[in-house]
Amino acid sequence: MPSLCTQEQPAMSLPLAYRDEIQALENRIRSERPADVLQFCCDHFARRLAAERAQYLSGTATTPEPNIMSGSAFTSPFAANSNPFGGDGKKTEGGGALLNVVEEDETDTIASPTTPSFGFSNPSAGGFRGPFGGDGSTDGPPSSLRSPPNPDSYPPQYNFGRRTSVSAESLKPNADANDNWSPPHIPKTPDQLARLKKSIEGNFLFSHLDDEQSSQILGALVEKSIPAKDIKVISQGDAGDYFYVVEKGTFNVYVNAGGAVQPGADGLGQHVGTINAGGSFGELALMYNAPRAATVVSAESGCTLWALDRVTFRRILMESTFARRRMYENFLEEVPLLSSLTAYERSKIADALETLKFPAGHTIIKQGDVGTSFFLLEDGECHAYLEKEGQRHQVKHYKKGDFFGELALLNDAPRAASVVSSTEVKVATLGKSAFARLLGPVEGIMRRTEYIKSGVEDVDPLHA
């Protein structure tokens, strides 16, 4: 990479302070080779501003080091020799007699568009630390804060007390739909993939993802081993950076009424639950940008977690949910039965729908069975069949936008006919309780619907 400050012209020479900053940034870019250069530079200068402002406010001079970006240990975010952005990467004991809970040493780097830290400890307690002891970030802060700035080396109107700049991903689900973001991909062995698929197969957060999104999630998850008991994974009150899926082991959940972990033997708070294999935690802080609502601690040794960083979580899981909702809203607008509903009513139905796929020839509902779901045909074709006196008769053909299965729910009766897919189909389903709650405004229309040549009096076998 050509130097950012080479071939300087005498008339355009930059002050020494400017050249030092550019050189420091260039050195970091050379060594770390970030994928997102703009975000990397933004994070770099945000850290520099925070460090400079912290030192200015503290008024304490420190001895400058030749390499201002080398690693060092820090303890307080607003004092000399303090690191406001990362931990020291060493295993530490909890404050006071906090149940001897330790934080695991975290040395892995999880790829992310913004290279977020692996997690944070309570900011109010001073200094940010990852839940496993380090921040897990490749772009760490300065090793030691520089001496108080020399006013002569800055522009005359430079405001030393100004607020520091902030950089974060958008909270609007579709704000970055047209950017070139791509999820991180962590290579995995066939054994890891098999274990990971088994771990997430029952998790509701992943149930609505399509094949491409599932593949992205599997590629972005990182395996984390928890070797001992009483290792704190997340702390109540911390900022949320990761979502976790439990593959093996048990974790205890604690909530402190004060909103954060406190010093002392009972600092973790009350034990409110246990998370076993197949469970997950940490999603609420990522979904709502809120502090961690609880502390999660390993209850045994030899536990295994899979971690998903905040950016990937929001981009894949939350945006896919938003896109799915918009797809269903657009689809429901085309269903004649629901034309009388308001946009708000349709949006509530869209949130409750679930997608199912069936191959050609599959019996979706069977005559005589108890009805538990209502179906909207999203794609493909189906036929309804009525069995009478040992004979099977085709009585109805369904295409995109048609619905079936409602009469068994309206009348609390068995299915009056069978519906079989003629092609590969995709249907949106609504459970019985959601059907009664959300489709009340169109229930009368459903009951009044008449079907000609159905072959059955007073009963609609086509909408069994």
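Cβ atoms here come from the backbone N, Cα and C positions, even for glycine.
Under the three-state DSSP scheme, GLU283 (3',5'-cyclic AMP 1 binding site) falls in the helix class. All protein chains included, GLU283 (3',5'-cyclic AMP 1 binding site) registers 19 other Cβ atoms within 10 Å of its own Cβ. The 3',5'-cyclic AMP 1 binding site annotation in TrEMBL covers GLU283, ARG292.
Annotation comment: TrEMBL describes GLU406, ARG415 as 3',5'-cyclic AMP 2 binding site. Counting every protein chain shown, the Cβ of GLU406 (3',5'-cyclic AMP 2 binding site) has 24 other Cβ atoms within 10 Å.
Feature annotation from TrEMBL assigns compositional bias 'Polar residues' to 109-124.
Annotation source TrEMBL lists compositional bias 'Gly residues' at 127-137.
Counting residues per DSSP class in helix, strand and coil order gives 42 helix, 40 strand, 48 coil for the domain 'Cyclic nucleotide-binding' (205-334). Annotated domain 'Cyclic nucleotide-binding' per TrEMBL: 205-334 (among others), in sequence order.
Residue counts of the domain 'Cyclic nucleotide-binding' (337-448) by helix, strand and coil are 33 helix, 45 strand, 34 coil (DSSP-based). Per TrEMBL, the feature domain 'Cyclic nucleotide-binding' maps to 337-448 (among others).
Summarising the annotation, TrEMBL assigns region 'Disordered' to 106-161.
Counting Cβ atoms from all protein chains shown, ARG292 (3',5'-cyclic AMP 1 binding site) has 27 others lying within 10 Å of its own Cβ. In this structure, the CA atom of GLU406 (3',5'-cyclic AMP 2 binding site) is 35 Å away from the CA atom of GLU283 (3',5'-cyclic AMP 1 binding site). Using a 10 Å radius centred on the Cβ of ARG415 (3',5'-cyclic AMP 2 binding site) and all shown protein chains, the other Cβ atoms total 21. Model confidence over the domain 'Cyclic nucleotide-binding' (337-448) stands at 83, taken as the mean pLDDT rounded to a whole number. If you measure from the Cα atom of GLU283 (3',5'-cyclic AMP 1 binding site) to that of ARG415 (3',5'-cyclic AMP 2 binding site), you get 39 Å.
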